[in-house]
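Noted in TrEMBL for the protein shown:
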- 58-441: domain 'Cation/H+ exchanger transmembrane' (DOMAIN)
- 528-621: domain 'Cation/H(+) antiporter central' (DOMAIN)
- 636-780: domain 'Cation/H(+) antiporter C-terminal' (DOMAIN)
- 46-66: transmembrane segment (TRANSMEM)
- 78-94: transmembrane segment (TRANSMEM)
- 114-133: transmembrane segment (TRANSMEM)
- 145-164: transmembrane segment (TRANSMEM)
- 176-197: transmembrane segment (TRANSMEM)
- 209-227: transmembrane segment (TRANSMEM)
- 247-268: transmembrane segment (TRANSMEM)
- 280-305: transmembrane segment (TRANSMEM)
- 359-383: transmembrane segment (TRANSMEM)
- 390-412: transmembrane segment (TRANSMEM)
- 424-444: transmembrane segment (TRANSMEM)
Amino acid sequence: MPDSSASNDLDPKYRMDGSCWKFVPVISGGFFNEEYGDSIFKHHLIVLQLQLALIFSLATLIHLLLRHFYLPRLISEVLAGVILGPTVLGRYFPDISATLFSHQSLKVLSTLTRFGYLFFMFLIGVKMDVNLIKKSGRREWTIGSFVIVFPILFIVTIAKNISLKVDKIGEESLEWVSLFAGLIMLTSFPVVAILLMHLKIINSELGNLTLSSALISDLISVVIVNLDKFGQLTRLASERVALKSMFLVLTLIMFVVTILRGMIYWIIRRTPEGKPVKDAYLFFVIIALLVVAVVGENAGLQYMYGPFILGLTVPTGHPLASTLIEKLDTIVSGWMLPLMSTYCGYRSDLWELKKKPPAWIMFTITFGVLFKTTCGFIPAICLKVPLKDATAMALMLTCKGIIELGCFATNADKQATGPQDFTWAVFSVFIFAALVPTITRFLYDPSKTYRGYQKRTVLNSSLNEGVRMLACAHRKDDALSTIKLLQLSNPFIGTPLSVYGLYLEQLVGGSSPLLLNHQLGQKSCSDGRWQQIIDVFNHFKNHCSKPTQVQVYTAISPQTLMHEDVCWVAFQNSVSLIILPFHRKWNRKGKMIADSKELRAFNIRVMNKAPCSVGILVDRDRSLRLPITDKSSTYRVCVMYLGGKDDREALAIGRRMKGWPSVYLTVVRCKEDDDAAQKGWESMLDDECLREIKHQSRECNNVLYKEEIVRHGADTSSIVGSLLDENYDLIIVGRHSDSNSSLIEGLSAWTELPELGAIGDMLASSEISKSVSIFVVQQQVQMQRSLLEMGK
């Protein structure tokens, strides 16, 4: 009779019961249905569920404890695996460890992690924009090539020689040495993209350079790795076997690139614009993914490269790539992939680090990493990248993460790998994943990019250069609303106006953000959507009464980082005012039809970081009536002036509009009842700004100046209500971030939208059904912060 323990290891569904084999169901019947003396832990589904619960609970707890250190989530996942593995649980509670993580249950967990890693590599290919290579210039190609070719050639070769001559290892272990050294020298595009997203600099200038260099480096490494694999086949088997494997791999790649890619484009053509992709098409892609993985591994290609190549053939963006990411990304990146990090942490034993490490490992993780960092730093400096930026970029190109862990885990069982070698592999990835973000954050502070000592406001704009405005639009309605304000700000008489239109699109189905300048002929895969925005701004340019410079950009980036594109375009073009669309929308009947929390969060981020003044346009007037197109009618504009820098900026915008004969400007100044409160530097600045308006109100028919005495916030609220009753077309107010003024005393407590200030919040209330539009202005804040820092 065969040994029962060995038989149990071979098939977990059966166990020996006396002299008979007894079937053990995977699913438990419950606590009370178990036979006497049996345990529910004999059912593998119960064990798997308990393992998953422990893994995610522990990883979440550790992440909550470490989140103040801004470490990536991978750190907490690896630490959770270390605690559940032989380092802690297996050493101090061996019985519990044997019950929860038996040999058979680990096989199930390992299979699940590899299955998730396969889908992850496919999604990486889907998100990767290969067109980024075409847009890469000499800097990206030079840095990307240097940072991978020289480290792979020199460090891997030296590490193998050290392992043979110093550590005296056998020939059978050389494959692991090559794998370890090669992965430490690897620059992984997904890891770099995740790091840039974590640091929130993926759409900065440094982020674009690093991402492009990482993509080039990663693709070069794929070629090098597979050529080395065919070389090993030649040495270990024969040239015939290597050529046969190469022929099969090339045939598979050609099949994917031609046949499957053609079918993918057929699916996209069969999907109407704006409609979801049919489930049958998605099932076909998933089946093709699994078939390519199986065929590729049997042909001599590593099992994850087949899905990766298939993912590259899927065009980024809508409709297929975005649908695949929407359907798969949550379960793969949020559930299956963290299991890989935890599984690697579980398999490592930190007690092995007490032993003397092999010389080749210490050489690779010290001198090798230093050499790789130097290979990224030197070409960056030669290509005139700033010193701190070059250092930060070189470090980011050496970062390690889930790609390296996945390769270590999938190859550890195939090669002669001891627990010490595997522990050092996981420990190396852990250290680099923790140190690189911390050091990079110290070297590169993106918030300082937009801080200068130059006033960029409408009030301080040069008479010769004129005013530069950046109009942001998420859809066509936003652009139409903005050009009404732009035309009002571009009268016959006055300084010239330069307009920069920016269409903002959320990055879906890709990892590479894009900033396109359409004056340079740059295009993307979403031409149909931004073409409408370009047409709106071109229409504005063609119907201007005087020559006006108009440039249009498209920014495609993640929702949480979209404000960086706005600030960067404003900074590069020395913009004085950014115009943002309000997050609420109304129809022509005055009924609110949209309320976007994401758009509101975006507006707040721009206001906190903008290098110039910012205005939020609340457009309730859905008509296209303009002073230019309808000269027979009048357009009534009101500026409510309470005092302060925001109101001075609002008044400067209103003064530009009075240049139109058909625009009637009313300035309502609210003054405190206490004369002592009107003294001081701020009050003197307010009087100086209002002096011209007071003079023009006596000489011009389209300018009216009024003063209202206010004792407290209730009087101010009454004045706001009276303004709404006077049927103004546009009311311009300052944000008034200072809530200590007696003019708005008590109003801040009832503010629903603090980013609009107390007055703007009242005027933008969803309960107001009048068709009056509101423009809430905030003067430049980055200038104030810079002066404070300079004073310190």
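Every residue gets a Cβ built from N, Cα and C, even glycine.
Automatic prediction, not curation, is the source of TrEMBL annotations.
Not measured: the values here are computed from a predicted model.
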Q: May I ask for the residues of the chain that lie six or more residues beyond the transmembrane segment (209-227) and have a Cβ under 8 Å from a Cβ within it?
A: 128, 132-133, 135-136, 139-141, 143-145, 147-149, 152, 182, 186-189, 192-193, 196, 202, 249, 301, 305, 376, 385, 393, 396-397, 511-512
(Q) Please compute the mean pLDDT of the model over the domain 'Cation/H(+) antiporter C-terminal' (636-780). (A) 81
**Q.** Per-state residue totals over the domain 'Cation/H(+) antiporter C-terminal' (636-780) - DSSP helix, strand, coil
**A.** 65 helix, 35 strand, 45 coil
Q | Helix-strand-coil residue split for the domain 'Cation/H(+) antiporter central' (528-621), DSSP-based | A | 42 helix, 27 strand, 25 coil
